[in-house]
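**Student:** Features from Swiss-Prot:
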type: DOMAIN; residues: 49-127; note: domain 'MANSC'
type: DOMAIN; residues: 310-401; note: domain 'PKD 1'
type: DOMAIN; residues: 409-498; note: domain 'PKD 2'
type: DOMAIN; residues: 504-594; note: domain 'PKD 3'
type: DOMAIN; residues: 600-688; note: domain 'PKD 4'
type: DOMAIN; residues: 694-785; note: domain 'PKD 5'
type: CARBOHYD; residues: Asn247; note: N-linked glycosylation site
type: CARBOHYD; residues: Asn395; note: N-linked glycosylation site
type: CARBOHYD; residues: Asn487; note: N-linked glycosylation site
type: MOD_RES; residues: Thr974; note: phosphothreonine
type: MOD_RES; residues: Thr1037; note: phosphothreonine
type: TOPO_DOM; residues: 1-29; note: topological domain 'Cytoplasmic'
type: TOPO_DOM; residues: 954-1049; note: topological domain 'Cytoplasmic'
Amino acid sequence: MEKRLGVKPNPASWILSGYYWQTSAKWLRTLYLFYTCFCFSVLWLSTDASESRCQQGKTQFGVGLRSGGENHLWLLEGTPSLQSCWAACCQDSACHVFWWLEGMCIQADCSRPQSCRAFRTHSSNSMLMFLKKFQTADDLGFLPEDDVPHLLGLGWNWASWRQSPPRAALRPAVSSSDQQSLIRKLQKRGSPSEVVTPIVTQHSKVNDSNELGGLTTSGSAEVHKAITISSPLTTDLTAELPGGPKNVSAQPEIPEGLATTPSTQQVKSSEKTQIAVPQPVAPSYSYGTPTPQASFQSTSAPYPVIKELVVSAGDSVQITLPKNEVQLNAYVLQEPPKGETYTYDWQLITHPRDYSGEMEGKHSQILKLSKLTPGLYEFKVIVEGQNAHGEGYVNVTVKPEPRKNRPPIAIVSPQFQEISLPTTSTVIDGSQSTDDDKIVQYHWEELKGPLREEKISEDTAILKLSKLVPGNYTFSLTVVDSDGATNSTTANLTVNKAVDYPPVANAGPNQVITLPQNSITLFGNQSTDDHGITSYEWSLSPSSKGKVVEMQGVRTPTLQLSAMQEGDYTYQLTVTDTIGQQATAQVTVIVQPENNKPPQADAGPDKELTLPVDSTTLDGSKSSDDQKIISYLWEKTQGPDGVQLENANSSIATVTGLQVGTYVFTLTVKDERNLQSQSSVNVIVKEEINKPPIAKITGNVVITLPTSTAELDGSKSSDDKGIVSYLWTRDEGSPAAGEVLNHSDHHPILFLSNLVEGTYTFHLKVTDAKGESDTDRTTVEVKPDPRKNNLVEIILDINVSQLTERLKGMFIRQIGVLLGVLDSDIIVQKIQPYTEQSTKMVFFVQNEPPHQIFKGHEVAAMLKSELRKQKADFLIFRALEINTVTCQLNCSDHGHCDSFTKRCICDPFWMENFIKVQLRDGESNCEWSVLYVIIATFVIVVALGILSWTVICCCKRQKGKPKRKSKYKILDATDQESLELKPTSRTGIKQKGLVLSSSLMHSESELDSDDAIFTWPDREKGKLLHGQNGSVPNGQTPLKARSPREEIL
């Protein structure tokens, strides 16, 4: 049972390698080695900071590094320098060795055994540097530093080296696509072969049931050994391992005669079609078996030598459909050891884009391919054995089934053609020729034709002919298709000489005239010729000889005849063309005798007029005659006198001055023979019957303020003669306010403006030409403004003519800021002059949908409040006054509001609370009762009077008290202190007792120093104080002496 298998590339590990110089100039490598060592010395000295982290080990040149597993190598991004590569490896704990290859820094993690393998490149551009880090020196799977010379001393055959295929993917320091691009670029550069150190062979199962494109594989799943190989060119090199013999010799393992077989490289292209050249035999080399003590993987087990097998898949195979099967055989030059067999693995490398097919025997020596589609297929066969590996390539080209060619068919159009001079050019089309593939060549050849200087021969699809001469031509068209098949056909062309046909004379149709007409014009310009007429000649036919006639223009196309008489005239026209050919034509003119009939007069239909129409027209233009009417005459034959006829001698006359009655007017017409005819017309004039006009006004009008204009339509009024005047009047009971615009009260439509609330009644009077009139009545109802109570008016300090639309918009915007609403929410209803220098603006404020209108008194109060808080110049115009349009003050229910002054008019016995008006909101009111104010005022006045009297009395009592003056005398030391209280002359005043003076009293009396009098003169005169001896006046009791403290109080 077949299974669809996919052939995938073998995921062997790979590594980059540089250019390998194929020169024996050792001094160049020595110079490069010296330069590199010098750079590392400078690098070591300039990186003291990193010296504590890692130390430089030995450096190996011409040696590369290969990963034994996955993700042990990674490429440092960018274009680093050698110093930055070394520093990066030191800073990375996973980096133990780095490989410097032509400006690329490849770092490696070789901390695990079998993770890294070294191989020799023999290129001075390849350098491997070991770094000594903490606890990592023993873990490296490389050769000891002392064993480096063993690798450098190997004798390699450079001519047999090949670049090793990739076996291990680098760590993804860069993107996978970039790595693959870089790898392919390095692989194309071509470098010498490399030697791979042996590794331990690992086994893994490979699932052979994977799909590859459209190919299917039959067979069962097999288990193969995954063997690491060095290159596809069968080079088997084994490097000397540490501890092994230093002398290595290369032993060819192929028979004689094959050692000199040249090796060819596989040629691959990135295009769709790729060609792979099979790899012939290449020499194989082997070296000494390594010792078990030293290996790159730090293992004691010996590594087997991989033997390179020379594999051939045969020559390239090419088949052509319908054959779609092919068999590929793989051949191995070396025979397998006894008891062993080779395993085969066929892989599809290159294939066409949309391909399909089946593979059978994918893991056998013979691969059978079937059901292949056209295209190029490249197969690779991998042969593996015990410690042996080889590859071979072969191409299979499947060509499409060859097409069976059909010869083309030559087609010319037209096949037969005839032209006449002066036409001397034409074309013959051969592009309609057909072929099953493609016509690649057209060839025209003139087979037959008149004698000329040069025959026609062209290689175009369309044959263009010119300067042809009269004669018969035969042209041959030969077409060639893409396969070389041909076909021919012919085309015939006849060129005739120019033909000059005789002219065709045309003298026109026969003519008939009647006397007295005796002249006519004949036209011969309808005569034709193919090349043109050169002359015309008119003549009288022999049958008309002897006729009297005058002829003019006998040598022109037009003949004028006159003075003809009654009879038949035959004229002959002779025309001549450019070569003298002539043609004739005849025309007959019949002159009939005169047959005159009298004219037919037609005065027109009767007419009926109604006064005041007193004029009309009389039309006789429909009168007729067989010849010609030469005169018209209008006359009044019946009717009242006093009429006037204008243009009475013409076909159309005008009658004026008609009166009530019946008139008869007669028309007389005459022809050239003085024959005449008459016709009459009646004109009836009736008295006027006037009907009075009818006045009609279209419906009543209802408007709602603030709309204050209206129009009344009286144009439907009618009259039989026409209305001559309209007059609109206002009823006496209508409001007097309102204006008539443009004197429209005398027009059919009345325009009114500035109407006020109320009902207007208007009367329309219409009058006709006779003075009769009619009237109609209508009303105009003006309803109050539903927003009247919410209207706010502002008196602005600006002339109304100076308030522009821009200033208005700015002012509305400022009002919106004060009220906290949008500009569109403020609807201005009216702007009108208030005084000569002020303007009144009326508006209302509504909110956003559903457009609810704010209360007018709240808006006015808010504006007043906000303006008090703002600066005086906040508005662009000073607001002189802000109020509602209608006065909405309740006047404390004791008065009414004056709509003009917007203030309260209080009822009797009530007055305004001026304190509230002045100190609070300033709103007029009628809160105070006059009676209460009078009582309160009286009480206040009385209280103030009492208070004033009390204050005055207190002040007077204070002023009426006598002041006590103390008189002191200086006493002798032996005298006693005494104080005499002098009696007053007033009766009824008690006298105070004497108070003895002492030194304390003397000091206390100094508080009232203004009243102290020192009476030194009394002492000098020897006068004694009253009561000095303790006596008291009669009738008085001695006062108790006060203590000094009481005296002070």
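Glycine is no exception: its Cβ is also placed from the backbone N, Cα and C atoms.
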**Student:** To see if you understand the setup: which same-chain residues, six or more apart in sequence, place their Cβ under 8 Å from that of Asn487 (N-linked glycosylation site)?
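**Tutor:** Non-local contacts for Asn487 (N-linked glycosylation site): Pro407, Pro408, Ile409, Ala410, Ser433, Thr478, Val479.
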**Student:** Provide the three-state DSSP residue tally for the domain 'PKD 2' (409-498): helix first, then strand, then coil.
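**Tutor:** Taking the domain 'PKD 2' (409-498) as a whole: 0 helix, 50 strand, 40 coil.
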**Student:** So if I draw a 10 Å sphere around the Cβ of Asn395 (N-linked glycosylation site), how many other Cβ atoms end up inside it?
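**Tutor:** Around Asn395 (N-linked glycosylation site), other Cβ atoms within 10 Å: 21.
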**Student:** Pop the mean pLDDT for the domain 'PKD 1' (310-401) in here, whole number is fine.
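**Tutor:** Mean pLDDT across the domain 'PKD 1' (310-401) comes out at 90.
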